[in-house]
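Participant: Below are the features I grabbed from TrEMBL:
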TRANSMEM  6-39  transmembrane segment
TRANSMEM  60-81  transmembrane segment
TRANSMEM  106-132  transmembrane segment
TRANSMEM  144-165  transmembrane segment
TRANSMEM  185-204  transmembrane segment
TRANSMEM  252-269  transmembrane segment
TRANSMEM  275-295  transmembrane segment
TRANSMEM  307-328  transmembrane segment
TRANSMEM  348-373  transmembrane segment
TRANSMEM  393-416  transmembrane segment
TRANSMEM  428-450  transmembrane segment
Amino acid sequence: MEIIGFIGVLAAICLIILFSAKGLNILIGAPLATMVVLITNRMNVLEWMLSPETSYLASVGDFFVSMFALFILGTILSQYMQDSHATTSIARTVLKIVGRDKPFNALFALALIGLLISYGGINSVIVYFAIIPIAHSVFKELDINWRLICIPVFLGVASITMTMLPGTPSPTNVIPAEALGTSMTAGKLLGFGASITAFIYGVAYMKYRLDKSLANGESFYSYLEDTDQDLPDPDESDLDEEEVDDADIPPFFLSVLPMLVLIVIIFMFSEVTNIVVIALLVAVLLCALVFRKYLNTSDKELLNEGAADAVMPTLAMGSTVAFGTVLIESTGFNFIVTFLNSVLANPVLRLTIVSIALGAITGSSSGTVGILVNTMAPEIIAEGVDPVVVHRISGVASSIFALLPHAGAYITFSSLTHLPQKSTYRDSFAIVGGCHFVGLLTMLVITFFFY
């Protein structure tokens, strides 16, 4: 029976990836894939799908309750930033600094902004809301293919600050620190070594893709040629901004003020419960006040659009989380973990392979780390592996395949950029998976010589 359950788990993962790649709404694809897991593992389908306590729908509901306020306020904030042309003001200032004739510098600046904000502890979804509208204006001003937006965004948000840099407040760093008794700055040699090599790789890849795009004569709207899926009319997209005079946009300081207030509040009151939601609400109210004379749309319309645009990304991410929640309770999943533990003798190699495999299966690096530190880590440490090594390698290895097409973060990114996965997945995986693969190799070499 375990073999059938194992096959069912693999089939479900393949199905949800296929559904996402083919454009099937994740609200349909995730429950279908979940039912494959339930049926092949002989789990009670009705109970695991519909139970009000522990089920697929209960998990979706829990996620929605915990995250919807963040999504709706973040979306409304983005609406105000776009409609007032504050994003245009920020983009033009960035371009004045880096130069309009140096598109690579502009992309590097966007990646650096994302890296600094995310290293400061700002939730990745909030960074998406902050960076993507600004990046849209930059890309359009420089006429860069919009599909390349995934490279600077994920390089800044989902590479070294997600798992590698010591001190980063991401879940993949916090969870093992608490469970293993290490610290968030543990393994400085491992962390900084991996961060340097991974960032060099990411920057090199970004330059390669940009140079190739420019050499091919691609423009901002060239991404439309990459897909046959239905897309919003680019001239009607809520990300789009018509040409405006400098006199009609807010000054730079006023434009960045809501974002600065958001970040300062989160930093200063990080111990306060739900501080991110509070900070977002303050930023939204500030936008409504300081951008009033620059708005082209009424407050009511902006609020309505923000509310409508927030529902789908929240439910989509909740659906992928729910799929993983049910999957890890199956006998097939337990069979995979037990098998990998039994066939790999070297503890560091075993930790590495199991982390990579579970990251691919769950589609969540933080979820994988949470499983590993509470199940496998004590055994690995008992075999003589330094807890610091377990801390660092588990986080980086579990992130190599964490950005699969059904990953919640990727679905949210696709929704906010109005880009189909077909246009961006190759570059997204090359950055997220590639940076973590390079970082993992660096960590393994350092472990071999110094631990």
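The backbone N, Cα and C atoms fix where each Cβ goes, glycine too.
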Participant: For the transmembrane segment (275-295) and the transmembrane segment (60-81), check the count of CB pairs under 8 Å (sequence separation 6 or more) and say whether it reaches 3 or more.
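Facilitator: These two segments touch.
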Participant: Out of 185-204, 393-416, 428-450, what stretch is closest in contact terms to the transmembrane segment (106-132), meaning most Cβ pairs under 8 angstroms?
Facilitator: 393-416
Participant: For the transmembrane segment (252-269) and the transmembrane segment (60-81), check the count of CB pairs under 8 Å (sequence separation 6 or more) and say whether it reaches 3 or more.
Facilitator: yes
Participant: Which one, 6-39, 144-165, 185-204, 393-416, 428-450, has the most C-beta pairs under 8 Å toward the transmembrane segment (307-328)?
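Facilitator: Comparing 6-39, 144-165, 185-204, 393-416, 428-450 against the transmembrane segment (307-328), the winner is 6-39.
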Participant: Give residue numbers and ranges for long-range contacts of the transmembrane segment (185-204): same chain, 6 or more residues beyond its ends, CB-CB under 8 A.
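Facilitator: Cβ under 8 Å, 6 or more out: 108, 111, 155, 159-160, 164-167, 177, 387-389, 391-393, 396, 431, 434-436, 438-443, 446-447, 450.
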Participant: Based on Cβ pairs under 8 Å, which of the stretches 144-165, 393-416, 428-450 lies most in contact with the transmembrane segment (6-39)?
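Facilitator: Stretch with maximum Cβ contacts: 393-416.
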Participant: Same chain only, please: residues at least 6 beyond the ends of the transmembrane segment (60-81) with a C-beta under 8 Å from a C-beta of the stretch. Say none if there are none.
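Facilitator: Beyond its ends, the transmembrane segment (60-81) has Cβ neighbours at 87, 123, 125-126, 128-129, 132-134, 238, 255, 258, 262, 274, 276-277, 280-281, 283-284, 287-288, 291, 295, 302-303, 305-307, 309-311, 313-315, 317-319, 321-322, 416.
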Participant: I'm a bit unsure how to read this: which one of 144-165, 348-373, 428-450 has the highest number of Cβ pairs shorter than 8 Å with the transmembrane segment (393-416)?
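Facilitator: Answer, by Cβ pair count: 348-373.
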Participant: Can you work out which residues elsewhere in the same chain, 6+ from the ends of the transmembrane segment (428-450), have a Cβ less than 8 Å from its Cβ atoms?
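Facilitator: Residues 150-151, 154-155, 158-160, 163-164, 189-190, 193-199, 201-202, 205-206, 348, 352, 389, 392-393, 396-397, 399-403, 410, 413.
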Participant: When you scan the chain for residues with a C-beta under 8 Å from the transmembrane segment (348-373), skipping those not six or more beyond its ends, what do you find?
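Facilitator: Apart from its flanks, the transmembrane segment (348-373) reaches 9, 13, 162-163, 170-172, 175-176, 179-180, 320-321, 323-324, 327-328, 333, 336-337, 340-341, 380, 385, 389-390, 393-395, 397-402, 404, 406-408, 440, 444, 447.
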